[in-house]
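Peer 1: Pasting the relevant annotations from Swiss-Prot:
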| type | residues | note |
| --- | --- | --- |
| BINDING | GLY37, PRO38, ASN39, GLY40, ALA41, GLY42, LYS43, SER44 | ATP binding site |
| DOMAIN | 5-220 | domain 'ABC transporter' |
Amino acid sequence: MTSLVSLENVSVSFGQRRVLSDVSLELKPGKILTLLGPNGAGKSTLVRVVLGLVTPDEGVIKRNGKLRIGYVPQKLYLDTTLPLTVKRFLRLRPGTHKEDILPALKRVQAGHLINAPMQKLSGGETQRVLLARALLNRPQLLVLDEPTQGVDVNGQVALYDLIDQLRRELDCGVLMVSHDLHLVMAKTDEVLCLNHHICCSGTPEVVSLHPEFISMFGPRGAEQLGIYRHHHNHRHDLQGRIVLRRGNDRS
């Protein structure tokens, strides 16, 4: 399978501060990669590297031709006094045709919001509008920066269900950043735990194996949510430096 984007031993420094060290990953069509880690771990910097906004100091980046990327930012800041409807907000994207707006909203089950004020949307509704905006680019790769932040568990289930549907329909790759260190989308193909470097990687444990979780969130939640169990062989201090490796007395 041809890669959309691949990073090999990528490192990024800002001044004397090393933010990313020897990071490798591969994004493929139809595959979901979830990136998680603590605050300040370099997740946003890694996303910017994938988007082509940051040039690494070391390592190799390969992109598949003229890659079309749809990006959903972590937060959207709007002036609360600015009269801005969903339709007008989506028209602000360069190259957007007005006839494409309603179909994009309907694709994310948000067609009814087309004339709603952006400032009145809930967290889940805002994420759907931002996702519709990303789809206007007909993306081969969707990059979602903490899409479930501020969304309750039921909203997360619905959003993950939608992302899975879009992934299958478009056969696009998905890079998703998660603020939750353990609860991830169950259909994620690979999870990377980042703390300036890749601490560990693997697949999520499907929540359907846990009857108590099913009883709390129902079978639909169990289908879409998964638990990722970390398997680090080291730990970090408050500055992100490796201070201990298991089996060693010194770092």
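Every residue gets a Cβ built from N, Cα and C, even glycine.
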Peer 1: Near the ATP site, what residues other than GLY37, PRO38, ASN39, GLY40, ALA41, GLY42, LYS43, SER44 in the same chain have a C-beta no further than 8 Å from the centroid of the listed C-beta atoms?
Peer 2: LEU194, ASN195
Peer 1: Hey, which of the binding-site residues ASN39, SER44 is the loneliest by Cβ count within 10 Å?
Peer 2: ASN39
Peer 1: 10 Å Cβ neighbour count around ALA41 (ATP binding site)?
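Peer 2: Its Cβ shell of radius 10 Å holds 21 other Cβ atoms.
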Peer 1: For each of GLY37, PRO38, count the other CB atoms within 10 A of its CB; which of these binding-site residues has the top count?
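Peer 2: Per the Cβ count within 10 Å, the most buried is GLY37.
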Peer 1: Just to confirm: which same-chain residues, 6+ apart in sequence, have a Cβ under 8 Å from the Cβ of GLY42 (ATP binding site)?
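Peer 2: Correct list: VAL12, VAL19, LEU20, VAL23, LEU194, ASN195, HIS196.
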Peer 1: Between the binding-site residues GLY40, LYS43, where is the Cβ count within 10 Å the lowest?
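Peer 2: Among the binding-site residues GLY40, LYS43, the sparsest Cβ neighbourhood within 10 Å belongs to GLY40.
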Peer 1: In which DSSP state, out of helix, strand and coil, do we find GLY42 (ATP binding site)?
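Peer 2: It is coil.
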